[in-house]
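Trainee: Quick one: the structure is below, questions incoming.
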C-alpha cells in the first residue's frame, strides 16, 4: 500500500509543477510608455486581517481613466477575498507624473462619518502594481481624538530593472482635516527610478528573516530533535527490556504443567493475542478517518515540497489554489488506504464507506466556510463568496472523488469473499482475509490506565514538538507576515511523525499489557488528541497575541482554527 500511495504523491507533485509552469499568463515585462495598472484591492481594520471590504466601499473616488485590459482572477484569490478594482490612475512605464489631482470628494455628513469610523478603527488599504502589494493608512486622529485627518496624496516611487518592475513604495502625504460640507481633492504622483534588484528577488523586501530565522526558531527545531532522539531511545529501551522480560516469563510458563499454569498469575499482552485482530468498533467511520488522514498527510507533504521548490508567496492565492488541486489529485490515497482497511476488517457497506471517506473532509471545511460566509455576507465583506464560487469550490473535490471511487473499488474488489481458494493439484490452500481470532472475546480487565487517560496524555508530546512552529504559522496567517521557511515546516512535519509514532506505540503497548484488546480507537485518538492542545493554544494566541475583535473576525478565527486542528488531529 505504501509504495502505491507514495507513487501517487510523486505523480501529483510532478503534474502540479508542470501545470504551474504553463499557467502564468502575465510576463511582467513592459515597453516604454506602456500602461501600468494600479489595482485597488481591499480596505479594513488593521487588527482584523481577514475582515476586509472593497476599497471603494469607503467613499473614495477613482481616476478618470476607465478603459482597462483584461484581468483574470483565480479561485484562490476569490476564496481569500481579493477584490481588485481599477484605480483609474494613468500610469505609464518609465513615465514620471508630477503631483496631479485625479478626483474630488464631496465631504457631506454621511461621507465624513464613514471616514471617521474607518480612522477610529485604524483602517488600512491594499493596492497592487505588477503583483507587488502596497499598503497605506486611510487617515489618523489627533492626540485628543477630536479631529480626524485624511491622507489625500499618494506618492508612488517605482523601481525598475530593465523592462521589469522590481520595487514599489507608497508615501502618504497631504493630511487634510475632515470638515463637513467641504470638498477634498485626491492627488497622486509617480517617480520612476532605476534599481539593481533582480526580478527574482523583488519579494525579498516583504520577508522578515529576523522574525522567522530568529535563534528561538532554530532552538525550537534543535529542541524537537533532542525530543525525538530521547523518545526513540526511550521507546526502544522500554519495549526491548519489557518485551524481553515478558518473553522470559511466557517461556517459563510454557515449561509449566497445566496445574501450575492454572494456579499461576496470567497477565500481559500475550493473553489477548486471540483478540487483537478483531475488527474495531464502528469500522466504517474508523476506516474513513484513516483514509482521510492519509490524504491530509499526502496533501501536506506535497504542498510543502512544492512551496520549497516554487515561491508560492509571490502569487496571490497560489498557496490555497495549490492545496485545493493537490487535495483533488490525492483522492486515490484516501480511497486506497481507507477502502483496503475497511475490507480487511470485514466491512460490507463499501459504497457508504466510499462516500463518507470522500466527503468527510470537504463537508467539514465547506460547512464551516458556508457558515462563516453567511456572516461575511451580512457584513458585506470581501470574503463573502458568490454562489458560483461556492459551487466551484465543491466541484473540485467532488471531481477528485471519481478517482477515489476507482481506487476504493480496486482496494475492495479482492475481498468480496472471506476466503480465497487456490488449487495446487489435488491440494486446496485456503487463505483467510482476516487474521484468526478467538471465538469469544476476552473480558475487559481492571486496569490502571484507562483509554481516556491514555488518549488525553498521548497528544502532549506531539504538541510539544510543534507548538513553537505553530506560533510562526499562526503569525503568518493571522498577522502581517509572509511565511517562507518551508524547510523548517518540513523538518517539523518529520519530527511530528516520529514523535507520534513513538507515542502511539507506547500507548498501545500499555493498553495491550492491561489486557484490553480494543486498541484501534485508542491508538488513533491518542495521536488525534494533539488537535485538542493545538485548539487550546489558539485560544491563548487569540487573547494574548492579537487584538482581534468583532463577530466576523472572531467567528472566522475560531471556525477555521477548529478545521485546522481537526485536520491536524486526523492526520496524526
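Every residue, even glycine, has its Cβ placed from backbone N, Cα and C.
When I checked TrEMBL for this same protein, it listed these features:
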SIGNAL    1-23  signal peptide
TRANSMEM  218-240  transmembrane segment
TRANSMEM  284-308  transmembrane segment
TRANSMEM  320-343  transmembrane segment
TRANSMEM  355-379  transmembrane segment
TRANSMEM  385-407  transmembrane segment
TRANSMEM  452-474  transmembrane segment
TRANSMEM  486-512  transmembrane segment
TRANSMEM  524-543  transmembrane segment
TRANSMEM  549-571  transmembrane segment
Trainee: What else in the chain is close to the transmembrane segment (218-240), if you only count residues 6 or more beyond its ends and a Cβ gap under 8 Å?
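Mentor: For the transmembrane segment (218-240), the far contacts come to 461, 464-466, 468-469, 488, 491-492, 495, 498-499, 502-503, 505-506, 509.
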Trainee: Can you tell me which recorded stretch out of 284-308, 320-343, 355-379, 486-512, 549-571 has the most Cβ pairs within less than 8 Å of the transmembrane segment (452-474)?
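Mentor: It is 486-512 that shares the most Cβ pairs under 8 Å with the transmembrane segment (452-474).
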Trainee: Quick one: find which recorded stretch in 284-308, 320-343, 486-512 has the most Cβ pairs under 8 Å with the transmembrane segment (549-571).
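Mentor: Per the Cβ count, the answer is 284-308.
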